[in-house]
């Protein structure tokens, strides 16, 4: 039996990452083998590319190609083998993030994105994507309060992040059966109740 592939998405400051390990723990309590990973990253090569992607200035197409190169390695080394063994993968960001950040935020031609997506992972898509959405001003306030060094995406202007958010919502509108939008501007307890309900209904 093929495993399940769940991804977490959302603008910077949406708080999605704090729920990734929680969901993995919940699934492990049910006896499911779960791999927690992230993009860019997830493999030794992917983590090296992550450092470049998050910190080095580069041409849009270079950035996009490196994202997909890291993803191909990630799929080949971790995601596809785990799913083939019947294990689950919970990933912090995947291809929807490239659609939102490079496509929406940076203005990459959508046709180029779709061609790369098809080439790199064919028909493989997450079984479920949890999109954490909240007003941009709330997200920016959370980032400021975190008081940490920001990567190059987090340092982008407000209009960039608004385009990213709208691209995410557009993607969710076109794939409503896969992408479930979570109101991230509510209590952690309520968010986790909603996550458990969605995963139980859609994947278990």
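Backbone N, Cα and C atoms are what each Cβ position is placed from, and that goes for glycine too.
What you see is a predicted model, and the numbers here were worked out from it, not measured in a lab.
Swiss-Prot has this to say about the protein:
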BINDING   10, 11, 12, 13, 14, 15, 16, 17  ATP binding site
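Long-range C-beta contacts of residue 10 (ATP binding site), restricted to its own chain and to partners at least six residues apart, with a cutoff below 8 Å, comprise 16, 131, 132, 133, 134, 168, 184.
According to its DSSP assignment, residue 12 (ATP binding site) is coil.
Local packing around the Cβ, expressed as the count of other Cβ atoms within 10 angstroms, is greatest for 13 among the binding-site residues 13, 15. Sequence-distant contacts of residue 14 (ATP binding site), defined by Cβ-Cβ distance under 8 angstroms and a gap of at least six in the same chain, are 132, 133, 134, 139, 184. When Cβ neighbours within 10 Å are tallied across all protein chains shown, the highest count among the binding-site residues 11, 12, 16, 17 belongs to 11. Secondary structure from DSSP puts residue 17 (ATP binding site) in a helix. Those residues of the chain, other than 10, 11, 12, 13, 14, 15, 16, 17, with a C-beta within 8 angstroms of the mean position of the ATP site C-beta atoms are 132, 134, 139, 142, 184.
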